[in-house]
Amino acid sequence: MFTNKTVLDRYLSLPIPDNTTQCMYVWIDGTGEHVRAKTKTVDFIPKSPSELPIWNFDGSSTGQAEGSNSDVYLYPVALYRDPFRLGNNKLVLCETLQAQPQARRLMTLGPTDASRHTPCLGDHASSKREVLIKRKDVRWADPTSGIYLTLRACALHTNFRHTCKEVMDKAAEQHPWFGMEQEYTLLDSDQHPFGWPKNGFPGPQGPYYCGVGASKVYARDVVESHYRACLYAGVMIAGTNAEVMPSQWEFQVGPAEGIRMGDDLWMGRFLLHRVAEDFGINVSLDPKPIPGDWNGAGCHTNFSTLAMREKGGITHIEKAIEKLGSNHAHHIKMYDPNEGRDNSRRLTGRHETSSIHDFSAGVANRGASIRIPRQVAEEGYGYLEDRRPSSNCDPYRVTEAIVRTTCLD
């Protein structure tokens, strides 16, 4: 049962007051693979996430806190244009922080000041938040009560962006680039693959990969809408294609340097779920949504450093592969939200995958853990492709693990 989406246009076209912005805060929930969102109105047009107020949500309803201490803080870290509300409205990617606020009245805000959505205030009404590296110390004004809150906040246990950012900062001089290939499956409202016969299966795999035609691809309108939404929002989407299993698609994000890889892929996922919602279609990131002789879904991760991209870089690529092989078991744990249990259904050595138990590498070999593209082998520089991450991986954990292993160890 779906609402009439055309009626919504009537309300979205209504004018709103000048300098009023709807900011949709987006965060990763306790599953480590799904996103949540809610909207706040601010009376200015934000240019940077640091201008936006810290917000909170009920973590006991997202699998991120106990009911007795349920407040989890949303800390804005990246800003995107909103392709749904348009105008100056924003999408705000947030880290999640667990805090024990200590309230003390430093000053009383006047009626004018109290009406402002002031992001954070220090002793002298500074508009910038005071942040520590390991722990985040934030002076935050509640505009309704006029009370300053000193937040002694730590990254939540489900917040893997925090440590990823630290690692990317340490490796910044090596300029780590990533490109991630996000595979996903479109499902009907009954959780059956979209377009598949209700009481059977489509024909065997073969004609669907990069297919064209109504009998080979399904829901291309969702894919095209998502593509344009990413471009509008500012996500570094690089392309898209139909995958090997019918109703399975892929979009690529990158090349992105450092922390932006994780930020843009998470926002790209949010946009995918949100666009599909408008079409009454569900998105699955399960790495093996259909058992049997059907391809699973991964998130192949292309990686390089500046040294790898320069002449003679193949030597650095080979050294990185050796390090990745020595840490295979650790990476498998980092490459899906359930420490390899999800990926074990996909990494079987069949359907263009390596075995989860063994590490391998090869030129143009899609059955290996690490693939060296043929062009890279011939030219002697470029990048490697890690084919192990699952479709439901956390890109922060994946990229952090790769950089720790190849750049910092």
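Placed from the backbone N, Cα and C atoms, the Cβ positions cover glycine too.
DSSP places the residues of the compositional bias 'Basic and acidic residues' (333-353) in helix, strand and coil in these numbers: 5 helix, 1 strand, 15 coil. Positions annotated as compositional bias 'Basic and acidic residues' by TrEMBL: 333-353.
In the predicted model, the domain 'GS beta-grasp' (19-103) shows an average pLDDT of 93. TrEMBL lists 19-103 with the feature domain 'GS beta-grasp'.
Marked as domain 'GS catalytic' by TrEMBL: 160-409.
Positions annotated as region 'Disordered' by TrEMBL: 332-353.
Sequence-distant contacts of the compositional bias 'Basic and acidic residues' (333-353) (same chain, six or more residues past either end, CB-CB distance under 8 Å): 31-33, 244, 286-288, 291, 293-298, 366-367, 387-390, 392-394, 397-398, 400-401.
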